[in-house]
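Trainee: Per TrEMBL, the features are:
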type     : residues : note
ACT_SITE : C:K78    : active site, charge relay system
ACT_SITE : C:S157   : active site, charge relay system
ACT_SITE : C:S181   : active site, acyl-ester intermediate
DOMAIN   : C:30-471 : domain 'Amidase'
Amino acid sequence: MTDYRIKGETGEWEVVIGLEVHAQVTSNAKLFSGAATEFGAEPNTQVSLVDAAMPGMLPVINGECVKQAVRTGLALEAQINMWSRFDRKNYFYADLPQGYQISQFQHPIVGEGEVHIDLGEGRSKTVGLERIHLEQDAGKSMHDQSPCYSYVDLNRSGVALMEIVSRPDMRSPEEAGAYVKKLRSILRYVGSCDGNMEEGSMRADVNVSVRKPGDPFGTRCEVKNVNSVRFVQAAIEYEAQRQVEIIEAGGTIVQETRLFDPSRMETRSLRSKEDAHDYRYFPDPDLPPLVFDEAFVEALRAELPELPDAKHARYVRDLGISDYNASVLTAEKEAADWFERMLALSAAKQGKPLTEVARAASNWVISDLFGALNALGKDIIDSPISPEHAATLLALIGDGTLSGRLGKDVFQIMLETGDDPEKIVEERGLKQVSDTGALDAAIAEVLATNADKVAQYKAGKEALFGFFVGQTMKATGGKANPKVVNELLKAALAG
Amino acid sequence: MSVDAATVKRVAHLARIKIDDDRSAVMAEELSKILGWVEMLGEVNTDGVEPLAAVIPNTLRWREDVVTDGGIQDKVLSNAPKAEYGFFAVPKVIE
Amino acid sequence: MAVLTDLTLGQMRDGLRAKDFSAKDLAEAHVKAVEAARVLNAFTVETPELALKAAEVADAALAKGEAKPLSGIPLGIKDLFATEGVQSAAASNILKGFKPPYESTVSGKLLADGAGMLGKLNMDEFAMGSSNETSAFGTVINPWRGKGNESLVPGGSSGGSSAAVAARLVAGATGTDTGGSIRQPAAFTGISGIKPTYGRCSRWGIVAFASSLDQAGPMARDVRDCAILLKSMCGFDPKDSTSLDLPVPDFEAALTGDMKGKRVGIPKEYTVDGIPTEIEALWKKGADMLRDAGAEIVDISLPHTKYALPTYYIIAPAEASSNLARYDGVRFGLRETPENGSLIDMYEATRSAGFGSEVQRRILIGTYVLSAGYYDAYYLKAQKVRALIQRDFMQAFERCDVILAPTAPSAAFGIGANVDDPIAMYLNDVFCVPASLAGLPAMSVPGGLSDDGLPLGLQIIGRPLDEEGVLNAGYAIEQAAGFTARPEAWW
């Protein structure tokens with residue numbers, strides 16, 4: 001492994017990256033009002049008088065948003081602050097009805113924590129978290145709907161966001177990407193954010209600076225509102241290169257806010273926000289301090305689901321699943337849930353302990369199922385095959401009802417129809433015949449028809465055994481269980 | 001603290017209030033007077049004093065996470081100086 | 001029969017129940033009085049139809065013996081309260097024409113208790129002022145006149161409320177008090193008014209000036225009327241995070257006038273330079289009245305008193321600068337768009353045209369004290385001094401039950417007398433602001449007349465949540481003072 005470096009004319013440069021991830025808190029109602037948070041409604045229909053900042057309207061906090069922030073903090077091994085406070089961040093914009101955003105500046109609800117990222121090939125890293133705070137989202141301005149006006153929709157205005165601020169601990173686009181993916185995974189495990197980057201449920205402000213290795217931090221630029229892992233990485237690559245070029249040409253980096261343009265994969269200065277910002281933060285007098293106790297935090301901790309790192313460790317340690325398989329299976333909560341349900345059913349159906357079926361089940365999920373879903377462009381939650389049906393299929397293969405080859409055929413049919421494998425086997429008569437009565441009759445027939453060969457076999461020409469097997473399989477249309485056929489033939493020929 | 005006209009202009013811009021030169025000069029004088037007066041607080045020893053957080057001790061009460069509001073587009077837009085197609089309309093912003 | 005508008009609210013209530021007159025009679029008499037007194041400019045909007053409609057409902061309820069506490073009582077509502085479908089402009093150009101699709105909690109509670117609304121009362125723009133001269137709807141004239149019949153201010157910011165009550169145009173009125181806006185105008189017009197403990201009355205639907213200080217309260221002819229109105233106005237509101245979740249006492253039941261066993265504190269720091277001797281004399285008289293009612297008078301100290309006004313003039317403008325950011329011409333109210341102007345041009349033109357000069361002045365001060373590099377020196381320092389001012393009161397209340405002080409350093413002054421000197425104007429609230437900063441209940445009751453024959457107020461400040469103690473002390477003074485003077489109806 002070599003460190004990520006930008007090769008400039010004056011030597012190698014290191015990139016320093018910190019991320020502020022804005023994650024929409026999963027809740028029914030907004031942070032300070034009773035309006036809905038659903039995505040995609042008609043304009044200004046999910047707006048209360050509070051969200052529209054009508055004169056005299058006041059905020060009242062949604063307790064679920066507080067819980068979600070605490071759950072997130074616990075999942076990120078962060079300090080939970082039992083006393084926090086909301087501040088006003090003052091600035092004017094058409095989609096900011098109050099003229100200020102209610103946020104947490106001085107006393108955030110969650111303090112320092114950490115995120116462990118897996119970089120593959122056994123490499124890993126810990127990224128420090130500085131804080132998580134709760135704040136309001138703004139509304140949406142649309143500038144291209146009318147020739148004369150910008151349109152403002154306040155449906156998002158007041159939706160709860162968690163701003164998750166990392167330390168400047170990342171040193172490559174790859175690390176930043178892994179960090180965002182891991183963060184997204186944890187938030188989805190916890191259920192505090194749906195992680196849907198296309199709908200804007202998660203977006204990142206990327207702080208990038210460059211320096212010669214060993215030097216102090218350089219001046220950073222902030223690239224705002226980047227909404228995919230790929231764009232985060234592209235923004236860093238572009239921005240780092242740009243900064244190196246400026247410095248090497250004798251220029252200096254101006255601390256500024258920039259915008260990532262996904263169509264050109266480059267960043268540009270945000271001219272419309274050129275005004276020097278002076279947010280005039282002060283404690284919001286409409287909101288007394290946010291206070292809760294240890295018991296409240298502990299109750300939330302007790303309800304937390306098993307998180308990806310713990311799950312990964314358990315898969316390897318207790319189930320004997322490979323490190324790679326465990327990584328793949330635990331990356332998304334849905335996949336892990338799907339796998340664990342299938343595994344439990346599978347073990348039950350086969351009457352075996354989990355440990356005996358886990359490895360094979362994990363291999364099947366990753367190579368067969370994920371491969372097929374990938375080809376179909378589907379996520380695990382849209383899988384046409386349910387965990388129940390998958391467990392049945394594995395049991396059918398395991399007990400010899402289906403041969404490996406038939407198993408693959410049935411799997412294909414399941415993907416197409418979503419049917420129960422037992423039904424498929426039944427309807428299409430694909431069942432492997434192991435019934436000794438039926439096979440005895442077939443064998444008797446084969447031996448009777450080939451009495452001459454039987455005599456030769458008995459005389460010592462043992463190579464003919466294969467011929468008898470083949471004839472029996474042919475007689476049963478390929479559905480006979482070869483192992484049973486072997487046993488029965490041996491017994492019949494010995495008689 | 002003496003405030004000059006340029007400072008008044010800067011502050012007025014932060015507060016989004018248009019102020020012409022004559023007025024900013026007058027305002028500078030007034031603000032200087034008022035700020036000079038409030039600066040008597042400098043005399044007070046506040047070492048170790050916590051700033052007041054809530055005048056009557058109180059902490060945040062939480063609302064339930066249920067949708068109780070919204071669906072009132074007509075009310076939301078009823079006083080708008082300019083609304084079109086369910087949106088508020090403002091002078092076009094060039095990003 | 002007596003002139004109906006001369007009755008106190010309590011007498012109206014009892015007369016309605018005794019069927020001495022109907023709610024319709026009462027409403028009509030007040031509607032007439034309002035029409036006849038337009039020269040006072042106490043109203044920004046008159047709503048006789050609403051008052052008459054409420055009277056109709058009240059008469060029906062009275063006939064069935066189902067009267068509510070305020071059935072048939074015609075009130076005026078300060079323009080700072082949002083009233084559904086009725087212009088609520090906070091006496092500002094920027095909100096002219098704004099008709100809220102909602103009713104403030106406090107005005108809603110009064111209406112729910114059977115009261116009728118005669119109209120919206122004029123005030124200083126956004127409640128910023130002590131003379132009602134900053135209103136975009138024009139100055140309110142005090143029904144009391146000077147010796148030479150010169151026009152006087154009614155105090156502020158609840159100047160429309162004080163003038164309307166004093167001139168017998170309304171049975172009672174709502175006011176709001178951020179740094180004296182109920183008490184000082186009450187004193188200037190010879191009526192009573194109480195600002196309850198911060199958090200007693202919901203702020204929901206009241207246009208915010210300084211959120212950590214704003215409190216609604218009643219203004220009325222006498223202390224009993226204040227007690228009756230306060231009971232209807234206050235109470236827990238889940239829509240206001242600063243609202244206190246406490247039961248509402250029966251304030252009227254607390255009015256015994258008996259001060260036995262009570263200690264009344266006289267703060268030595270309220271003897272400020274330049275205070276007229278007639279104010280000092282009144283203060284002393286007030287102490288005597290309470291002593292006669294059984295109270296023990298004790299000297300107390302509130303060492304940080306002189307820092308209260310400067311503290312207030314940092315905190316209130318800071319909060320206001322943020323609270324008033326929503327008046328931007330986007331969703332409601334005035335919009336000024338310069339030709340080919342940008343969004344920022346629209347903001348600046350709208351706010352420049354929409355806000356009057358005092359409001360602009362305070363927004364600029366507030367913006368300045370919160371801006372980068374100044375926050376610690378001004379705002380944070382002020383919040384620390386505020387904590388000390390509050391501590392002073394808490395220590396004083398270890399030695400006394402209520403505090404007696406003058407309400408204002410002078411009687412009502414002439415229109416225009418203080419408009420050119422903001423600080424001189426601010427000094428009007430020197431006695432009112434400390435209790436506001438500490439969130440304490442405080443009221444003003446008329447104590448007597450000045451040498452010029454103008455009303456002077458006495459202020460009682462109580463412990464947090466002790467409105468009953470404050471009202472009762474006020475009642476004791478009222479009983480002793482026998483204040484019956486009233487402005488001659490010259491209008």
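A Cβ is built for glycine as well, from the same backbone N, Cα and C atoms used for every other residue.
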Trainee: For C:K78 (active site, charge relay system), which residues of its chain lie six or more apart in sequence with Cβ-Cβ distance below 8 Å?
Mentor: C:K120, C:L121, C:M123, C:S158, C:G160, C:S161, C:A173, C:T174, C:G175, C:T176
Trainee: For the domain 'Amidase' (C:30-471), report the average pLDDT of the model, please.
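Mentor: Per the prediction, mean pLDDT sits at 97 for the domain 'Amidase' (C:30-471).
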Trainee: Under 8 Å Cβ to Cβ from the residue listed as 'active site, acyl-ester intermediate', same chain, six or more residues apart: give me those in sequence order, or none if nothing qualifies.
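Mentor: Sequence-distant Cβ neighbours: C:M123, C:D124, C:A127, C:S130, C:G156, C:S157, C:S158, C:G175.
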Trainee: Look up C:S181 (active site, acyl-ester intermediate) in the DSSP assignment and report helix, strand or coil.
Mentor: coil
Trainee: Including all protein chains shown, what's the count of other C-beta atoms within 10 A of the C-beta of C:S157 (active site, charge relay system)?
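Mentor: Within a 10 Å radius of the Cβ of C:S157 (active site, charge relay system) lie 36 other Cβ atoms.
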Trainee: On the three-state reduction of DSSP, what should I expect for C:K78 (active site, charge relay system)?
Mentor: strand
